[in-house]
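S.K.: This is the feature table in TrEMBL:
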| type | residues | note |
| --- | --- | --- |
| BINDING | CYS537 | heme binding site |
| COMPBIAS | 233-247 | compositional bias 'Polar residues' |
| COMPBIAS | 248-261 | compositional bias 'Basic and acidic residues' |
| REGION | 233-282 | region 'Disordered' |
| TRANSMEM | 394-413 | transmembrane segment |
Amino acid sequence: MLLIFYSSVFPVELKESSRGKKKNSIRDVPDMFKRYGPIVREEALWNFPVVSVMDKSAVEMVLRGSGGKYPLRPPTEATAYYRKSKPDRYASVGLVNEQGPTWHHLRTTLTPELTSTRTITRFLPEINVVANDFVHLLKKSRDKNHLVSSFEEIANCIGLESTCTLILGRRMGFLENAKKDTAKDEKEMTCSVCYPPSDANLNNIHINEIYASESKSLRKECISSDLNGNQPSNKYCSQGDQSPTDTRISENHREKELFDKGDDEGASDLMNSQLEDAEREKRTIECKDRAFRLASAVRAHFQASRDTYYGLPFWKIIPTPAYSRMAKAEGEIYDIISDLVEQSQIDEEKHNKIQEDKNEDDSTTEKGVQSVFMSVLNAQGLPLREKKAAIIDFIAAGIQTLGNTLVFLLYLISKHKEAQERLYEEVCRLMPNGSSDELTHDNLKDAVYLKACIMEAFRVLPTAPCVARILENEMNLNGFNLPAGTVVLCHTWMACMEESNFKNAKVFSPERWLRDEGGGVASPFLVAPFGCGKRMCPGKRFVEQELQVFLAK
């Protein structure tokens, strides 16, 4: 239904497909623009009007025009409402949902270390380690046809592991635990650590499609071989058919031999080692359970937040099922990460005590990834509630965002063999010894085609198809007057699919980003998966560097 509102000079669409009934709104968007043109206003009786634009000039004007000191973006209402109802946990609605001076104070206080080039540089060696574990997990999870079931779940694992490593300065052990679980039958190569078998979605990715070719990329190696193709490094695998139980019996026998020989010190050391192994195994099980619950809670939160957006907002009056699911997920995320924060704080205090006992100067010690976590905790002028909320938001945002981007990226590479072959040749030059080579900032500078592949994936299948802003001042878009306070959705993905903006727009072509081959930089406002300007995602550099290393490995 198309109406001309007397208070406006452009058409207003009142349709249920995008703001009323719960449909696939992303797939509805192309049809909406096709029917009503490049600028559309949608209005619902229970909500504020939203203006959608896809024209390149309009997108640039909105994003440039909203670059004031305090850029405004529409909050996630249900999340903000929930946090306001929990003042004992939240001092504000959080960095994502706050506006004005409060947002500016949070941004300038909490994110400097996260956006620091120094932090990203220090984190690169740890990314290499995480990526190696991820590659090992993929190899272990494939079946005899090199098929990995529920790859999306495994990708979420890497998002969880790497984000917690950066923010908390500690490994969750999610990928490492799966890697060491060698007692399973080789016929059952699915990752039961990352997801329960009964809950598998079977959204498969074929490893043969991801690698360049069988002869080049898929080395014929045992499932228990290490990343260098050497003999198995796991003590159980290296002992043939000997099981962990058999190994434990052997260790007990060794302990008895040492006592019989009078070697009390050797026997004591062995007992201490066994106790440490048992404690480590206990913590491993706890980490696996906590990591899975956290990933599940984040997924549930995204889905419930989506459901609260569509339909009548009765959740503002009574707790609807969607709002209740969102509140439960938000509470579980808070509880799990809060425990991690407290444990990390204890570990950091122990580390500092050891350094003091050794009379070592901390100012000359590389703190590495711990700096992000400690910089937030040491931030001045903010209550502990605010700091915890910031850490929670950083981790929750990173888990599925990184995982989804990795799924899209590998899917596109797997479907385009020529790009895959060229990428493989470049990576072989950077890593002549295979995936065990460590990537450094120096050789990543030469990964031109790899970065072009990532940029093209951002254009073709972005995790965020639009950027939202609230106009601070009145603006004229294509002859239409928009008053201050108007919510505008800049559909950057739709703009990227227009032939007027990109030649062969619907074709995956990394070459379009290579200057030496006639490509170049398009408008910085069109390919914007992390947003633009001062409200850009603070984890942008971190995610980009991770994707470069993961894709290369």
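Glycine residues also receive a Cβ, built from the backbone N, Cα and C atoms like all the rest.
What you see is a predicted model, and the numbers here were worked out from it, not measured in a lab.
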S.K.: The transmembrane segment (394-413): which same-chain residues, six or more beyond its ends, come within Cβ distance under 8 Å?
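M.R.: The answer is 96, 114, 151-152, 155-160, 162-164, 166-168, 205, 210, 294-295, 298-299, 301-302, 333, 337, 419-420, 423, 453-454, 456-458, 460-463, 508, 529, 537-539, 542-543, 546-547, 550-551.
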S.K.: I'd like the number of other C-beta atoms within 10 A of the C-beta of CYS537 (heme binding site), please.
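M.R.: Other Cβ atoms found within 10 Å: 20.
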S.K.: According to DSSP, does CYS537 (heme binding site) sit in a helix, a strand, or coil?
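M.R.: In the DSSP reduction, CYS537 (heme binding site) maps to coil.
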